[in-house]
Amino acid sequence: MYSGAGPALAPPAPPPPIQGYAFKPPPRPDFGTSGRTIKLQANFFEMDIPKIDIYHYELDIKPEKCPRRVNREIVEHMVQHFKTQIFGDRKPVFDGRKNLYTAMPLPIGRDKVELEVTLPGEGKDRIFKVSIKWVSCVSLQALHDALSGRLPSVPFETIQALDVVMRHLPSMRYTPVGRSFFTASEGCSNPLGGGREVWFGFHQSVRPSLWKMMLNIDVSATAFYKAQPVIEFVCEVLDFKSIEEQQKPLTDSQRVKFTKEIKGLKVEITHCGQMKRKYRVCNVTRRPASHQTFPLQQESGQTVECTVAQYFKDRHKLVLRYPHLPCLQVGQEQKHTYLPLEVCNIVAGQRCIKKLTDNQTSTMIRATARSAPDRQEEISKLMRSASFNTDPYVREFGIMVKDEMTDVTGRVLQPPSILYGGRNKAIATPVQGVWDMRNKQFHTGIEIKVWAIACFAPQRQCTEVHLKSFTEQLRKISRDAGMPIQGQPCFCKYAQGADSVEPMFRHLKNTYAGLQLVVVILPGKTPVYAEVKRVGDTVLGMATQCVQMKNVQRTTPQTLSNLCLKINVKLGGVNNILLPQGRPPVFQQPVIFLGADVTHPPAGDGKKPSIAAVVGSMDAHPNRYCATVRVQQHRQEIIQDLAAMVRELLIQFYKSTRFKPTRIIFYRDGVSEGQFQQVLHHELLAIREACIKLEKDYQPGITFIVVQKRHHTRLFCTDKNERVGKSGNIPAGTTVDTKITHPTEFDFYLCSHAGIQGTSRPSHYHVLWDDNRFSSDELQILTYQLCHTYVRCTRSVSIPAPAYYAHLVAFRARYHLVDKEHDSAEGSHTSGQSNGRDHQALAKAVQVHQDTLRTMYFA
């Protein structure tokens, strides 16, 4: 079972002692050589850095907690005001919080200096106290030493300092968001609906690479709220043509929807002339402005209840046009400050952190997808307009940035051969990341004898004629694919609503012995889906396959074939395998592939738990996987219960194969650079603990690889003839491990998929630990081959199958958590802890039924 070609791997290195040990990522073993070379350009721009010292000062601004924008203004005023005494011609740069850097030391020595700065404000000036204290000298010489490999690690504080220098000017010109800068499009707006619009901008970060510092520049886009009157915002959110059609108070459901959208946003008032005070919305009143009262203190000192409408009439001589609409409650909840909608505007420049709707997402993608050559041109334009070499702050520190993208030599790896089954055991060879199943049969097809259909689409839209023809077509395609469906379904009925799912499924399970599959037909987006998965996966342990009504009304061989790919795997079949002779040497001994991911609830949802998922391969192909899943603390990135999860998977692997893995290859998704150290430390120890708990001398070699897709590295073909497809992307299998990668550590970029829309995003792999002493070629080829083992399609996908499956398992668990009385998977109206259920109840909700546990229910 475990035989493979090629040289044997070096034996795993003995693990170092566990206690008090800071794990260091391994050095790069070598550079890859496999594959044909390809000339590329990367959106990295070389920086020329002088070998000087930079002076780092700490600022303390009182009152604290001002937004960064205000802090920047304060510092700007301070530098102007104290020019003669302190700053002279120096141009300090500031990070908006506490850190200030100068190219020449300030004449204050080591002492703390206290200054007073006045900001002219609307109405009255604001006074701030600022203290400056010297922190350290940041040596750029040390950076040069690290980049050339003379120092073991890149000094973080130098990169931070350079980042602040490069961001200082753009931060004052644009709206910063994370590492990107945005501005509203001049002259043309890109509405998304619901009071939101697209803003375009650019990402910028300073990155160490081999021998050079690089500036990574990319175009980016994000959703902002439209600056508009709140009255117009209400119309957009609630789909009114105009406010005139809403002559009566909002209904409860309208108010809830509106509250959900506006809560937390800043508004400015329009009824006080030039004084446009800003407030944050904390709620929307239940009562309209004509009935909403608050305690008003009169001149006589006594307090009377007054309505908001009356107050505006008396105090501001303003008769409200829409007294029947509610008010915004602003500021602190306990303070009872109410503003009628009609005197408020949404403040410009607020980013939308709430989840976009499906329609908004597709509009966003349409507005932002750029073919690779277009994106390349846009990035070059950006560089010209940013013109860093004329930026006075960048020049102050003697930094120069090249205008051209960096040339990089990549390699296009050979795809693996894919082995099918049936009589002819056909072999497919992927071309551009895609292959075809025509005239091929599953490696191991399942025979389906007892199956049912439950149709939740209305009978008048999805008729019995549709169902009959769908069944015939599905049986034909499945027979060709080597997964014969014998006979008609044993049950075929219509049903309505999520409430009928459980009784119907119970009836099916009790009535039809040996029932293998329920095909469920859904009318578009519906809560029925979550309920089908909850009942099928967690309550009764039944295999379910959902199909959209439109794919039943009009079948195509492609959709039916894709359906078969999923069904065969859910029932325990194997669609195809990597050709055994073509696999890398790691397969010579038993090896388990683990994929892990943590998904977090959407931003703005303060209570829902995060979900951690780990999957493990269960055969030598590797094709079949088993899943484990846990709920954990909200937004917790480290997998808390990893030791127990890995232990479960190792036991399951042994049950399936009768082997103990001698190697564990762990692909970890969803970790950002800042968390590498933490995650590695906790999770590597957890994997080791899982092994030792099984047998005290069991020490398989562990390789820990972080997979990242959320980065801004983009690669472009230098030669137009190399471009692939309509969007002109790099070919599938393109790998880069020089020039733009880490100066000393083991990382690489691999674009394993064929880009269909927009510009391909290569995945970034960073090896944080490697007992198995992989060479670059071997790990890159292994990773690329695993991208071809994803069962849902006959294409190579953008990350290795185990990492992808972990993502699917976590995503499915979100559906298991849906509380059908209260919320939908998109986000609940109540922001309670998944509606007040405690940790135990949530943990139970994601627990998969015993019969489902060993199947690939998530496929």
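Please read every residue number as a count from 1 along the shown chain.
Positions of Cβ are set from backbone N, Cα and C atoms, glycine also.
Feature list (source: Swiss-Prot):
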type     : residues         : note
REGION   : 1-27             : region 'Disordered'
COMPBIAS : 9-27             : compositional bias 'Pro residues'
DOMAIN   : 229-348          : domain 'PAZ'
REGION   : 311-316          : region 'Interaction with guide RNA'
MOD_RES  : S387             : phosphoserine
DOMAIN   : 517-818          : domain 'Piwi'
REGION   : 524-566          : region 'Interaction with guide RNA'
REGION   : 587-590          : region 'Interaction with GW182 family members'
BINDING  : D597, D669, H807 : divalent metal cation binding site
REGION   : 650-660          : region 'Interaction with GW182 family members'
MOD_RES  : P700             : 4-hydroxyproline
REGION   : 753-761          : region 'Interaction with guide RNA'
REGION   : 790-812          : region 'Interaction with guide RNA'
MOD_RES  : S824             : phosphoserine
MOD_RES  : S828             : phosphoserine
MOD_RES  : S831             : phosphoserine
MOD_RES  : S834             : phosphoserine
Discussion item. For the domain 'Piwi' (517-818), report the average pLDDT of the model, please.
Written reply: 97
Worksheet, complete the sentence: Outside the region 'Interaction with guide RNA' (753-761), at least 6 residues beyond either end, the same-chain residues with a Cβ under 8 Å of its Cβ set are 365, 368-372, 375, 432-434, 709, 711, 713-715, 724-725, 727, 729-732, 787, 795-798
Worksheet item: Which of these binding-site residues is closest to S387 (phosphoserine) if you go by CA atoms: D597, D669, H807?
Response: D669
Fill in: Sparsest-packed of the listed binding-site residues (D669, H807) - C-beta count within 10 angstroms
H807
Worksheet item: Any idea what the Cα distance is from P700 (4-hydroxyproline) over to D597 (divalent metal cation binding site), rounded to a whole Å?
Response: 22
Worksheet, complete the sentence: Counting every protein chain shown, other Cβ atoms within 10 Å of the Cβ of D597 (divalent metal cation binding site) number 27
Item to complete: Have a look around the residue listed as '4-hydroxyproline' and count the other CB atoms within 10 A of its CB, chains all included.
Response: 21
Worksheet item: Can you list the residues of the same chain, besides D597, D669, H807, whose Cβ falls within 8 Å of the divalent metal cation site's Cβ centroid?
Response: G595, A596, V598, T599, A613, G670, V707, I799, A803, Y804, A806, A810
Worksheet entry | Helix, strand and coil residues within the region 'Interaction with guide RNA' (753-761) as assigned by DSSP | 0 helix, 0 strand, 9 coil
Worksheet item: So, in DSSP terms, is S387 (phosphoserine) helix, strand, or coil?
Response: coil
Worksheet item: Within 10 Å of the Cβ of S387 (phosphoserine), how many other Cβ atoms are there?
Response: 11
Discussion item. Can you tell me whether DSSP puts D597 (divalent metal cation binding site) in helix, strand or coil?
Written reply: strand
